[in-house]
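Asker: The Mg(2+) binding site annotation in Swiss-Prot covers Asp45, Asp84, Glu114. Residues annotated as 3-methyl-2-oxobutanoate binding site in Swiss-Prot: Asp45, Ser46, Asp84, Lys112. According to Swiss-Prot, the active site, proton acceptor annotation covers Glu181, on the basis of sequence analysis.
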Amino acid sequence: MKKISIHDLMKWKQEGKKFATVTAYDASFAQLFEQQEVPVLLVGDSLGMVLQGKSDTLPVTTEEIAYHTRCVRAGSPNSLVMADMPFMSYATPEQACENAGKLMQAGANMVKIEGGEWIAETVRILAERAVPVCAHLGLTPQSVNIFGGFRIQGRDEAKAEQMVKDALTLEAAGAQIILLECVPASLAERITKACTVPVIGIGAGNATDGQILVMHDMFGISANYMPKFSKNFLAETGDMRKAVTKYIQDVEQGTFPAAEHTFN
């Protein structure tokens, strides 16, 4: 696989070519994903739940994300690697710059930040300092205590309108990718069409430019339960490499996510 950059993702959006993304936390799986030509890998704070066994992502630290980013980069030199900014690691622009710098030095190509238009100034400051940003909207797991649990976002008209506004504001501030989690498919399609930057979805229907899954869900090895928006590709194929290839094919062909993986 050739080295992937944000320019490739922009080109694919313009061409209408969908792309697959998956979380990765270590060199071995990162290497497997690169060999199967997964273009984008996310070192997610989901590691707090799937690796550390916590009930949410809040305890994860910047140092832990940096460690796993180094591991993923070692295994996958050519993928575009996004690294999550953990809870409270970007409470101020100064904190954001310091912690984003650690993740970029660990091998990330981009950092991911959760939040709406209130993080626009932070996004702008990072972009001005050569740190590409993916802005995460919808169900933002770091806000689980505000939401009262892991709930679908953007179902009422006012919240849907605010999410569209958030996406456009963050794009204008310099965000180079928008990630939508657990939002109605119709809203995700609207945001995807409104934004000029690539939009990645998880539990957001199949109209987004890209899809992302937590690797443990894709392989059916999550400790607790399988989210509605996920699919066990390993059960279907019986082989990890074939499972990754099937996931990529289904995303590119627009057959995943199907109706049963989608919220309305």
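In case you wondered, yes, glycine gets a Cβ from its N, Cα and C as well.
Mind running through what each feature is packed against?
Answerer: Around Asp45 (Mg(2+) binding site), a 10 Å sphere centred on its CB holds 29 further CB atoms from the protein chains shown.
Every protein chain shown contributes to the tally, and the Cβ of Glu181 (active site, proton acceptor) ends up with 22 other Cβ atoms within 10 Å. Glu181 (active site, proton acceptor) carries a strand DSSP state (E or B).
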Asker: Hey, how far is Glu181 (active site, proton acceptor) from Asp45 (Mg(2+) binding site), Cα to Cα, in Å?
Answerer: 14
Asker: Could you state the CA-to-CA distance between Asp84 (Mg(2+) binding site) and Ser46 (3-methyl-2-oxobutanoate binding site) to the nearest Å?
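Answerer: That separation, Cα to Cα, works out to 9 Å.
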Asker: For the C-alpha pair, I'd like the distance in angstrom between Asp45 (Mg(2+) binding site) and Lys112 (3-methyl-2-oxobutanoate binding site), rounded off.
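Answerer: Computed Cα spacing between Asp45 (Mg(2+) binding site) and Lys112 (3-methyl-2-oxobutanoate binding site) is 10 Å.
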